[in-house]
């Protein structure tokens, strides 16, 4: 059997294009390989944000959204827009799972706990949704409404939570009931890399009020964290209660609503509330009604307010139906993105699909190791390309995003330079295998390391375009105006495979 000539897609997570070189880790890095590709290979810029990926106009893209759109080959209406629309239409307050959980707690005079990432960032959650959930609980008669605030500082400026917390303090004052009950940074509450010691700190705060600090108000707790030099993301467990108030812990009979809609960083803390769990020893395990805003994983047996819409004939599924073989490969931080999200929210492999996982380094923050596990990932990717086993390969390099999120400029430059070295080996392997390669990104990040308006560190994604570069055995010219959802139909076309009718994206090669 002759060796296959693979179609490889390499996604440089967080690698956006920005004309201004100021504080631009991508433009200022030494990248001879990428420079040569841009000079000599077909390339263009494509959109990875806003309406083009099913988000509100102007909203920055993110990894979940990006990979879902790439894999689907069509613009996918995202959870953010779907839930926002349900609030505007008045349907949110009638959502069965939410209504049932709140009503059950109210009936027996129990508390409604609402937790989630308190941020206007729109990547994992949106504070407007949390606001609507508080209003809904109050409207249905809940007297004890406790808000557990996970703080952002990653998809938002590092110290930007005060306005959000003040907004909710005003809401509770207006309602005359409820309060912010706890604060903790997303570093602890939203881990996704099996750092169970961090997750346990969040769980113990929620269920036992186990906290290093206690303050009368959320804003006071936040100000104290800043005084300790903790940015929003890293705020340590803080209980919020005034003198004479009881701790607002989760106990038997309560309702818990988790208002994050993005799955990957919601799973670990959610699993801690499921009976079958071995991440850490739980001192208490309350019998509660727990509602996930969206489905975080198919094997989590909890209520879900907005079940996933089914996506048929994604790139991976279509390749499988066509009898093709495919490989998905990344390191831990983005493994879910090239598998679960790329497959339209489906956990299981398709027939003919294989997966390889490279462990992300165990460091506190990735500025400490900006190359992450890229060398090992590259070694495996090159072997897969040369091995002749796969018709299609999808690989994600997380570096520009994960290091970009730290806000450490010099580390981000090193991340880009390490990727460039790796790409040289990948390009060489593709040419040797007489295959085809598309290099792109799911969203921007490392091209803006300082906020040009405030002068502060910029740790969030951007809404800037991303590159698309072709390397291969075909004479290719790109059309202008492409977007992420055009990649799957374009790859199928370049591979000589029919495009399923469900893929409404355009073929952007002439």
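Glycine too: its Cβ is placed from the backbone N, Cα and C atoms.
Fair warning: this is a prediction, and the values are worked out from it, not measured in the lab.
The active site, phosphoserine intermediate annotation in Swiss-Prot covers 63 and rests on sequence analysis. Here Swiss-Prot flags 13, 63, 442, 443 as Mn(2+) 2 binding site, drawing on sequence analysis. Marked as substrate binding site by Swiss-Prot on the basis of sequence analysis: 124, 154, 155, 186, 192, 262, 263, 264, 265, 334. The Mn(2+) 1 binding site annotation in Swiss-Prot covers 401, 405, 461.
On the structure: features taken from Swiss-Prot.
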residue : record                 : Cβ contacts under 8 Å, 6 or more apart
13      : Mn(2+) 2 binding site  : 63, 334, 337, 396, 397, 398, 399, 400, 401, 402, 441, 442, 443, 445
124     : substrate binding site : 117, 155, 186, 190, 260, 261, 262, 265, 266
192     : substrate binding site : 264, 265, 267, 268, 333, 336
263     : substrate binding site : 64, 294, 295, 296, 297, 336, 340
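What surrounds the Mn(2+) 1 site, by Cβ distance within 8 Å of the Cβ centroid and not counting 401, 405, 461, is the set 13, 14, 62, 63, 154, 155, 400, 402, 404, 443, 445, 446, 459, 460 from the same chain. There are 31 other Cβ atoms within 10 Å of the Cβ belonging to residue 461 (Mn(2+) 1 binding site). Per-site Cβ counts within 10 Å over the binding-site residues 265, 405, 443 peak at 443. Other than the site residues 13, 63, 442, 443, same-chain residues with C-beta atoms no more than 8 angstroms from the centre of those residues' C-beta atoms, the Mn(2+) 2 site, are 11, 14, 48, 61, 62, 66, 67, 334, 337, 396, 401, 441, 445, 461. In the three-state DSSP classification, residue 155 (substrate binding site) falls within coil. Following the DSSP three-state reduction, the secondary structure of residue 442 (Mn(2+) 2 binding site) is coil.
DSSP classifies residue 265 (substrate binding site) as coil under the three-state reduction. A 10 Å cutoff on Cβ-Cβ distances gives residue 401 (Mn(2+) 1 binding site) a total of 30 other Cβ atoms nearby, all chains included. Here substrate is bound by 124, 154, 155, 186, 192, 262, 263, 264, 265, 334 per the record. The longest Cα to Cα distance in that group is 18 Å. In the three-state DSSP reading, residue 405 (Mn(2+) 1 binding site) counts as coil. Other Cβ atoms within 10 Å of the Cβ of residue 442 (Mn(2+) 2 binding site) number 31 in total over all chains.
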